[in-house]
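Have a look at the structure below before the remarks.
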């Protein structure tokens with residue numbers, strides 16, 4: 001039904017679907033992966049009772065900034081996507097959208113996101129510039145470093161400190177444990193994603209942690225995921241989170257174990273499924289946070 005609604009936009013404009021695909025609104029997995037840790041931070045920062053305004057601001061902000069990130073990503077990769085089987089039909093690579101149109105959509109999405117941030121406070125507004133900088137820089141990093149996933153992790157985690165400053169203006173040191181946990185988790189699942197394209201990336205000179213980790217890829221991903229859980233466990237103790245939160249962490253650990261087992265053959269399909277599966281890990285942690293506050 002969601003996709004049918006998006007496709008109906010073509011009735012308004014014949015090229016609407018091209019821009020839906022450019023912003024990946026037809027593939028909401030990236031929204032979920034960004035949304036759950038951000039909302040977890042909103043709940044913790046609000047001590048279990050976040051304001052409706054903050055929930056809406058950060059929820060909509062996630063959707064808009066993820067879409068903006070996809071636009072600038074495809075702009076940066078427009079000359080290489082055509083050489084990768086999975087991305088050859090993207091709107092920019094196939095010529096259905098012009099580069100300046102992608103930049104215009106990126107600017108528009110960032111502008112609307114900034115209007116949302118203006119509804120918070122000055123410290124959160126200043127932090128938002130870091131979010132835009134990271135979102136813009138990430139897609140270009142894969143040309144120069146084997147650690148673009150770390151930059152993505154920094155970008156995908158930036159909503160966490162913003163959630164705390166929006167809730168009360170203060171940024172406790174413990175909030176950075178949540179930030180580090182999410183960064184490690186993001187590097188892990190995006191490495192699974194990069195493993196899908198590893199053979200193509202090697203041919204065209206695109207760098208990634210999947211290439212850097214080589215044969216140790218799955219073991220390093222699992223290590224990153226366990227370190228992420230450790231940071232969450234420590235953060236939970238600092239924020240007085242208890243049993244329900246710990247159950248959420250156990251659920252996430254089960255997800256990580258399944259991903260490790262399911263990718264043992266290193267085929268593209270299983271690596272892509274492992275990437276998608278991380279949505280459930282993030283959701284379980286978020287549910288654990290919400291229930292822990294709800295049943296106090």
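Note that Cβ sites are derived from N, Cα and C of the backbone, with glycine treated the same way.
What you see is a predicted model, and the numbers here were worked out from it, not measured in a lab.
What Swiss-Prot lists as transmembrane segment is 28-48, 52-72, 102-122, 145-167, 174-196, 219-239, 241-261, 275-295.
As a quick check, the transmembrane segment (102-122) and the transmembrane segment (145-167) clear the bar of 3 or more Cβ pairs under 8 A, pairs 6 or more apart, so the two touch. Of the candidate ranges 28-48, 145-167, 219-239, 28-48 contributes the most Cβ pairs within a distance under 8 Å of the transmembrane segment (275-295). Long-range Cβ contacts of the transmembrane segment (28-48) within its own chain (Cβ-Cβ under 8 Å, at least 6 residues beyond either end) map to 2, 54-55, 58-59, 62-63, 65-66, 69-70, 156-157, 159-160, 163-164, 166-168, 175, 178, 182, 185-186, 189, 239, 241, 275-276, 278-279, 282-283, 285-286, 289-290, 292-294, 296. Same-chain residues lying 6 or more positions outside the transmembrane segment (145-167) and placing a CB less than 8 Å from one of its CB atoms are 33-34, 37-38, 41-42, 45-46, 50-51, 54, 57-58, 61-62, 69, 117, 120-121, 123-124, 127-128, 130-131, 134-135, 137-139, 175-176, 178-180, 182-187, 190-191, 194, 207-209, 211-212.
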